[in-house]
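> I have a structure here, written as structure tokens, and I will follow up with some questions on it.
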Amino acid sequence: MAASLRLFGAASGLRYWSRRLRPAVSSLAAVCSRSVASKTPVGFIGLGNMGNPMAKNLMKHGYPLIIYDVFPDACKEFQDAGEQVVSSPADVAEKADRIITMLPTSINAVEAYSGANGILKKVKKGSLLIDSSTIDPAVSKELAKEVEKMGAVFMDAPVSGGVGAARSGNLTFMVGGVEDEFAAAQELLGCMGSNVVYCGAVGTGQAAKICNNMLLAISMIGTAEAMNLGIRLGLDPKLLAKILNMSSGRCWSSDTYNPVPGVMDGVPSANNYQGGFGTTLMAKDLGLAQDSATSTKSPILLGSLAHQIYRMMCAKGYSKKDFSSVFQFLREEETF
């Protein structure tokens, strides 16, 4: 908790801001003109590939925003659209009693809440703090204790669905916290997602997300291997994808986020694996799954192998590419 605020966002390998994702300021201002002036401001901290479209969907639903990101450029289009930008998480807490955080790692989340300029320095009693980062469940529980001491409420609400779902407002939120506060959280989260699921006590949202992302990593590697094998056997990749998606091998990685360039439009594989969900972040999430498996004595044989593959990818220059670049990695690797 003593880490400097620079660490909160300075690890550039953990955050990928794609200027491609930014619409023109004029169009953003147009969609965010409000007819509901009575809605109270919502704080939003963390405007990366996921946080950016999530915050925009809150704006579309008429919520004024109090914005902070460690990278000032990430705030510019919001400021130009009339949203209030402040200089620290503490300043967000001073001006808003409902705050959503969307950060890359446990370290970032701890700094944003408990750091020298963190939320807890100026949090108001009765505030609702929702963390949509994917972090260690144990860290969520510790943050909840610190928040409770300040008379506020903490809920973990990590998301699934990727950048596409974040843009369209169709994310799935997995929420952990006091059940009596779920309705209040659901009001905000429903502006950004089509599924808001209560999972139980603080930390259970993170537990669900970690399990989901472990399965996602495994299925993406499996899809990439199957596609690579089929192509080397002489199959057209689009035909193979079509067959997989009407057969028992169908999964999200094959029918919505196919890793092979040229098979689908609008996915990272169609753009040299830029944007989307970074390989570094997937490796981080698989590390959380590995830690959780160790603490619960749960065998995750494929999960552990997936972790090693994504760590190897990070070491070989794939850290800033989308995690579906595992297909490219496999194409370039003759042996492990």
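Just so you know, glycine gets a Cβ as well, placed from its N, Cα and C.
From TrEMBL, for reference:
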ACT_SITE  Lys209  active site
BINDING   40-68, 103-104, Asn108, Thr134, Lys284  NAD(+) binding site
DOMAIN    42-200  domain '6-phosphogluconate dehydrogenase NADP-binding'
DOMAIN    203-329  domain '3-hydroxyisobutyrate dehydrogenase-like NAD-binding'
> If I restrict to non-local contacts, at least six residues apart, and a C-beta distance under 8 angstroms, what lies near Met50 (NAD(+) binding site) in its own chain?
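Long-range Cβ contacts: Met102, Ser132, Val159, Val163, Ala166.
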> Could you state the whole-number distance in Å separating the C-alpha atoms of Thr40 (NAD(+) binding site) and the residue listed as 'active site'?
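Rounded to the nearest whole number, the Cα-Cα distance is 29 Å.
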> What count of other C-beta atoms do you get within 10 angstroms of the C-beta of Ala55 (NAD(+) binding site), across all chains shown?
27
> Would you count the other C-beta atoms found within 10 angstroms of the C-beta of Leu65 (NAD(+) binding site) for me?
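23, counting other Cβ atoms within 10 Å of Leu65 (NAD(+) binding site).
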> Please report the number of other Cβ atoms within 10 Å of the Cβ of Thr40 (NAD(+) binding site).
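By my count, 9.
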> Quick check on the recorded positions: of Lys60, Lys209, whose CB has the lowest count of neighbouring CB atoms inside 10 Å?
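The recorded positions Lys60, Lys209 were compared, and Lys60 has the fewest Cβ atoms within 10 Å.
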> Please report how many Å separate the Cα atom of Pro104 (NAD(+) binding site) from that of Lys209 (active site), as a whole number.
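Between the alpha carbons of Pro104 (NAD(+) binding site) and Lys209 (active site) there are 14 Å.
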> Can you check which residue among the binding-site residues Ile45, Pro104 has the largest number of Cβ atoms within 10 Å of its own?
Ile45
> Is it possible to list how many residues within the domain '3-hydroxyisobutyrate dehydrogenase-like NAD-binding' (203-329) are helical, extended or coil according to DSSP?
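Helix/strand/coil tally for the domain '3-hydroxyisobutyrate dehydrogenase-like NAD-binding' (203-329): 85 helix, 2 strand, 40 coil.
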> Express the distance between the Cα positions of Ala55 (NAD(+) binding site) and Lys209 (active site) as a whole number of Å.
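With the alpha carbons as reference points, the distance is 20 Å.
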> Between Lys60 (NAD(+) binding site) and the residue listed as 'active site', how many Å separate their Cα atoms?
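Here the two Cα atoms lie 26 Å apart.
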